[in-house]
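Read through the structure below, which is laid out as structure tokens, and then see the notes.
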Amino acid sequence: MLLALAQWLQNDFGFLRVFNYLTFRAVMASLTALVIGLGFGPWVIRRLTELKVGQAVRSYGPQTHLVKAGTPTMGGVLVLIGIAVSTLLWCDWGNRFIWIVLLVTLGYGTIGWVDDYRKVVHRDPKGMSSREKFFWQTVIGLFAAAYLAFSVSETSNMRVLELFLDWVRSGLSLSLPAKSHLIVPFFKELSYPLGVFGFIVLTYLVIVGSSNAVNLTDGLDGLVIMPVVLVGSALGIFAYVMGSAVYSKYLLFPHIPGAGELLIFCSAMAGAGLAFLWFNAHPAQVFMGDVGALALGGALGTVAVIVRQEIVLFIMGGVFVAETISVMLQVTWFKFTKRRYGEGRRLFRMAPLHHHFELSGWKETQVVVRFWIITMMLVLIGLSTLKLR
């Protein structure tokens, strides 16, 4: 919005040309989201407290968590407001990638909000059923995947429509352009063609998987938000590179026109995330809830798909991956041993993984900071793929 206003007035006020610089708008988007979060955070926490939107704590979990009972949850609303307002203020409204990322983020946030609302307001400990939640995640994920399959390699929605019609006329056999291939990190020119259906399936798995992985990681004060900020910031750098004809050519990446604008979104996400961490740091004054975790995970997955860095997201989000795998292994092993031996056995003291370390004697703050450090290292490895190819 501010970009359009500045471009309209820049002939009379030359200093407004600074708005044309993507890096300037990215910095301002981050600061705007940070100010919104810090400014409205206390009010949001008070309102959540007054509404008695308190977190329920499982009695069979770590005993140190019992003191957290009643802490306001659904604080992810604050993050989403910061992201949405800041992005819309500083982005180019004509950029199609911004809108699809916002759609996924707010759509998944809505799913999380309904789930949280049922849990804390209706006092339903189950919230949305797994089937219902998965259905709506699938609807949004498949819609985004289908659009991006034809959008990533094109420069406008008209070209997207033309590519889709060409695909239909070809009997659904038309191959997607090379820009839509799966990029393999650390190799200069190694990529795999996916085809339309392959692209849609991969995109769906990345978006839904990332959303649920971030949600599983959100279990300790400050644990999930810093990795989200770090990974999101790194994806913003990839977006800037892929959106630049100069940098993408120099670094041997496909040029994706319009992808650079996602730096605005990622910067807003970083600013909003840091503001939330101010209140979520141990001892937390507010919890994110599914409304924030599902949305942020979906956002990371969508951005990664657009900038063709699905594998790099898997690397940088290693903490999210480990948490998810720990749950899958725990459930699978428990069911297998129960069927074979008559009683279920556990691989971990408790899943997700952060609870295993807690029950192994690590303090909560140790788990959190050590997971942050691991994420920092993984993000640096991910960023190294820009040049080490």
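All positions are counted from 1 along the displayed chain.
Including glycine, each Cβ sits where the backbone N, Cα and C put it.
According to Swiss-Prot, the transmembrane segment annotation covers 25-45, 74-94, 97-117, 134-154, 190-210, 222-242, 259-279, 286-306, 311-331, 366-386.
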Query raised in the report: So are the transmembrane segment (259-279) and the transmembrane segment (74-94) touching or not, going by 3+ C-beta pairs under 8 A with a sequence gap of 6 or more?
Result: yes
Requested in this report: Mark yes when the transmembrane segment (286-306) and the transmembrane segment (134-154) have three or more Cβ pairs under 8 Å (sequence separation 6 or more) and no when they do not.
Outcome: yes
Query raised in the report: Other than its close neighbours in sequence, what residues sit by the transmembrane segment (74-94), given a CB gap under 8 Å and a spacing of at least six beyond its ends?
Result: 1-4, 25-26, 28-30, 32-34, 36-37, 40-41, 44-45, 48, 53, 102, 105-106, 109, 112-113, 116-117, 120, 225, 261, 264-265, 268-269, 271-273, 275-276, 279-280, 286-293, 295-296, 299
Report task. Among 97-117, 222-242, 286-306, 366-386, point out the range having the most Cβ pairs under 8 angstroms from the transmembrane segment (190-210). Result -> 286-306
